[in-house]
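If you look up TrEMBL, you'll see Glu108 marked as active site, proton acceptor. The domain 'Radical SAM core' annotation in TrEMBL covers 114-352. Per TrEMBL, [4Fe-4S] cluster binding site is recorded for Cys128, Cys132, Cys135. Positions annotated as active site, S-methylcysteine intermediate by TrEMBL: Cys357.
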Amino acid sequence: MSDFPQIQLLAPKRGMPPKHFADLSKDERIDALKELGLPKFRADQIARHYYGKFEADPLTMTDLPEAQRQTVKDALFPTLLTPVRTVETDEGDTTKTLWRLHDGTLLESVLMRYPGRATLCISSQAGCGMACPFCATGQGGLDRNLSVAEIVDQVRAAAAMMAAEGSRLSNIVFMGMGEPLANYKRVVNAVRQITQPSPDGFGISQRNVTVSTVGLAPQIRMLADEGLSCTLAVSLHTPDDELRDELVPVNNRFEVSEVLDAARYYADQTGRRVSIEYALIRDMNDHDWRADLLGKKLHSALGSRVHVNVIPLNPTPGSKWDASPKARQDEFVRRVAAQGVPCTVRDTKGQEIAAACGQLAADEDAS
Ligand code: SAH
């Protein structure tokens, strides 16, 4: 028994947030507004504010009757994400935002500005249950799934930031915390809202949305049948099952050949090239023979419909692993390419602010 039982009572209960406008279908929005005494057309009007102007507060929606703005806010626009901290790096090109969710859970998203495009890296879960040993998020386990609106609102917040700069958010990558395909239905719903034109969504091109997965083969096949043409990224990290069982533990359920079969199905159904993620780890997965085998397996599974992204390992605090030396990395890339598979090295924006792969929110949790 705790000496301070009241502390237990004060701690917010971990769980899904209150319902938000972005959690609801069109019909559900109309019903919810009807209950508040508002006519049907208000649903589209509010959606235009949210998706078209990136406004999340009905009090600023001046074409709503003043008396009803607070009612709409209370019923349909709970605050989902409260900024705790914002950090910039890369001379202001990269912005990392730490958010607190309604139950105290922490979450991060990272906005990266490049010439001609701006990419937001978003989270699909708080924490992650996939336990990849080189990933900081994987060490803490899964807190919970994010709601649809918690995913969508990360995009809205970044789109608002870009609009304020006179620019536009153009790309979304599900490469923040969590395994998107383990929160499948909500992620697909969010992808639709991210890509549909206003007033149904933010109108970001499907091709510019990348869903990155550890390789949940059945869900990759489901995603292939959704009629979406977003980009699939598969975190392979090694072409052989023996090492992959360790680096990506879910490989014990879906082995490399099953994952690549599912990736081929995705490419067949969508006509999209599949991205393969490969975190290069010194003396772990950076051998010549692994580069050759990777190139061969990918070429035979996917032909020319594949591209390898090598990510220099971003060592997590206390990790025994490190990135490969530059010469090793160059040789690895050369060998994969020699098998006829395009292979490039991912640039590492945000590294010095712990905004790089697998580090999101880990610092704060540790404190
Ligand atoms: N669960 C999804 C999204 C995770 S983050 C997935 O596994 O694909 C996106 C990418 O960053 C994944 O390829 C992941 O393996 C990689 N990553 C995680 N930690 C990393 C680290 N410390 N260094 C380099 N890449 C890392």
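Easy rule for this one: first residue shown is 1, then count along the chain.
In case you wondered, yes, glycine gets a Cβ from its N, Cα and C as well.
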Three-class DSSP secondary structure - Glu108 (active site, proton acceptor)
strand
Just the number: how many Å between the Cα atoms of Cys135 ([4Fe-4S] cluster binding site) and Glu108 (active site, proton acceptor)?
15
Cβ neighbours of Cys128 ([4Fe-4S] cluster binding site) where a neighbour is any other Cβ within 10 Å:
26
If you count the other Cβ atoms within 10 Å of each Cβ, which of the binding-site residues Cys132, Cys135 comes out on top?
Cys135
Relative to the Cβ position of the residue listed as 'active site, proton acceptor', how many further Cβ atoms are located within 10 Å?
26
Can you tell me how far the Cα of Cys128 ([4Fe-4S] cluster binding site) sits from the Cα of the residue listed as 'active site, proton acceptor', in Å?
13
